[in-house]
């Protein structure tokens with residue numbers, strides 16, 4: 001059922017909590033799960049990795065013990081975990097959950113949230129042998145050179161990509177090598193989301209920008225005190241592909257450079273803080289322009305009142 005302003009008013013099948021990094025999403029999700037018998041489900045592309053508890057700001061072991069948490073820290077850093085992988089895991093988890101359990105999806109990755117409701121393009125899996133061959137050929141080449149190579153093989157994809165966007169250029173090259181088709185040719189075929197058509201409460205947590213920037217900077221310093229450098233040192237020892245998501249997480253490149261001796265510790269911290277602030281800005285922009293009007297922009301304090309109101313409503317009303 002909807003209110004006169006078009007918002008759902010009945011009890012939701014799931015709660016979706018998004019927002020910029022350091023906005024209080026995890027704390028709100030845990031509070032909801034404890035109060036209403038819910039399970040907190042990770043919806044953040046970095047918090048899936050076992051290697052990054054500290055740098056991804058994953059819930060602590062103590063917090064995870066207060067309510068069920070799923071899809072956190074379950075993936076090895078060597079895996080190129082995609083939105084398709086997330087959607088399949090989330091769908092499987094939802095099918096296994098008891099009927100009375102409230103799913104509480106928490107995170108900052110917009111495409112993950114979109115995959116739950118609107119679905120995603122049905123992109124094919126790229127065999128490891130092809131991915132490794134393409135990346136070996138690309139090693140040491142400027143991204144602009146790779147973009148030019150893509151333009152020769154797949155002009156349609158190249159036209160829609162910035163010549164400096166190495167990750168997406170590489171993805172287009174891999175898809176074309178594996179299928180002989182443009183990556184854009186797969187966009188019309190969609191995999192429906194596991195929450196499509198269900199009543200949902202979608203909350204985007206917002207806060208005053210300067211306060212958020214200060215929290216981001218302070219949190220990165222705290223991460224350093226909690227072992228962020230040890231996490232990066234362990235990743236560095238594994239010599240993983242620098243294009244893997246885990247190697248591009250905020251803080252990893254700068255701290256790797258510090259361990260390599262090319263920048264100072266203070267410069268590494270400043271780089272991590274700056275990268276995270278810019279990411280938060282992109283999160284605001286992306287959700288504002290890419291997600292539907294059914295997302296409620298709210299403060300963490302006001303969000304709790306909205307949750308209480310919706311969860312106290314009888315189902316179907």
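Placement of Cβ uses the backbone N, Cα and C atoms for every residue, glycine included.
Of the candidate ranges 40-43, 44-47, 48-51, Swiss-Prot annotates residues 44-47 with the feature region 'Interaction with substrate tRNA'.
Across the fold, the C-alpha of residue 109 (site 'Interaction with substrate tRNA') and the C-alpha of residue 26 (ATP binding site) stand 13 Å from each other. Classification of residue 26 (ATP binding site) by DSSP places it within a helix.
The two recorded residues, residue 20 (ATP binding site) and residue 131 (site 'Interaction with substrate tRNA'), show a Cα separation of 32 Å. Following the DSSP three-state reduction, the secondary structure of residue 131 (site 'Interaction with substrate tRNA') is helix. In this view, the densest Cβ surroundings among the recorded positions 25, 131 belong to 25, judged by other Cβ atoms lying within 10 Å.
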